[in-house]
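S.K.: Quick one: structure below, then a few questions.
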């Protein structure tokens, strides 16, 4: 019951990697599974608070902006600046986070991110004017960007192999939890007539401070310590995380991988070394592609395919809902004299009126139909009412006012599509790009690779945010969602063709999956040259490689 010595095949990068002690990696996984210390969950919890801050900020800003724009009389440009500045700052800091991670370490970077977020949150809660508010939003974005690329890396490097995907996913769960809590906080403080937004944004300081003080007592990643030459400290930290002293096999596996990287590594910037080294270049393409399609859709292999299909179908349902709503859009029956000489009076239906951001739909309705409807300019100070006319002063007897939507009996289809979309997006495209990117790079390229992929995520976040209204105006809402459906289908083919399975492999072994061509057209059969697996075989308890389908005694 022994493993073959390490061997490789040139034609596909197939390999079977033996632990230094001679034990099979499947045995190592079995040993780790038998006793999982609570401490690793503590590490994951405090790390994932960075994800919570990410989710909280993205969720709280929508409710806070409703109050800020009224109190500070913000025009559309300032509203866009306050929202997009955080995303732009996050993209910038995520790209530079790779250098910081390699220089300072994962633990220090998380401490820096939580400190930056705390400073930004305090500045937002006490901001006297919109200029200071903008500075606070930029500072918060810098903290979010560093955390977004550091937290998944740290969790992946401290996690046992059999728990790595689960623990990295906790970060995404905390992102969703942060968005939920933000909605609750928005609702709780929306009733305050003054300064409610200060409490909304200021409360983000609480988890940031909790994460900061928690990480004062938590260890650095043992892989980073070993890479920097702190061997004794790395061994001590690994024993503490695993909850046992017999970690020599895992320690030697990590050390051997780092030594091999040093022997084969070159000089120059890490990003150039990544691009010049075939496996890491292919991993970077896959990692950045996943992050790109996560944003363009608006993905470990089985989950992504299931999730992509569900996301695509739900986006199609959304598009059909918008299409039916557009086809049965209420017509405009009244054309009052336009005091502002705007384009609103020229529209003949609510659909065309809604697509113009300067117009709104004023109407009455009974149980069967919409009547006495008109398209009039929206008040520049607030989209809650019209600039003039019967919908400019809302009372119980006033007509209904609809801005950016139309009354329709097909709204339940849109709502159902939205719910299904979120349900499929959360476990698939929302979670897995971060998990996969935390796994697929070798240690020397992990920080920079994650920085690049996180930067791609934030850049496309900005791109989609800035172009959605223009796309909707040009293609209509249903056209925009049909476009997103097509992008999901494209992303599904990319995942099927280019993403190998990483389940059950140690981080040091995953690079072998990218020794072949970048994309392999979804061939995950036992003859797949790039698929490496470690598993005990019944009655033999031995390691085997899938490259020829045969067992190894």
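Glycine residues also receive a Cβ, built from the backbone N, Cα and C atoms like all the rest.
Just so you know, TrEMBL annotations never went through curation; they're auto-generated.
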S.K.: May I ask you to indicate which of 2-23, 134-155 is given in TrEMBL as transmembrane segment?
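M.R.: Here TrEMBL associates transmembrane segment with the stretch 134-155.
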S.K.: Of the ranges 389-409, 410-430, which one does TrEMBL list as transmembrane segment?
M.R.: 410-430
S.K.: Please average pLDDT over the domain 'Major facilitator superfamily (MFS) profile' (43-503) for the predicted structure.
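M.R.: Here the predicted model's pLDDT, averaged over the domain 'Major facilitator superfamily (MFS) profile' (43-503), is 84.
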S.K.: Given the transmembrane segment (167-185), which of the listed stretches 38-56, 134-155, 197-218 has the most Cβ pairs that are under 8 Å apart from it?
M.R.: 38-56
S.K.: Taking pairs 6 or more apart in sequence, does the count of Cβ pairs under 8 Å between the transmembrane segment (38-56) and the transmembrane segment (197-218) hit 3 or more?
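M.R.: The answer is yes, given that the two segments have at least 3 Cβ pairs within the 8 Å cut-off.
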S.K.: Counting Cβ pairs under 8 Å that are 6 or more apart in sequence, does the total for the transmembrane segment (76-96) and the transmembrane segment (451-471) reach three or more?
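M.R.: The answer is yes, given that the two segments have at least 3 Cβ pairs within the 8 Å cut-off.
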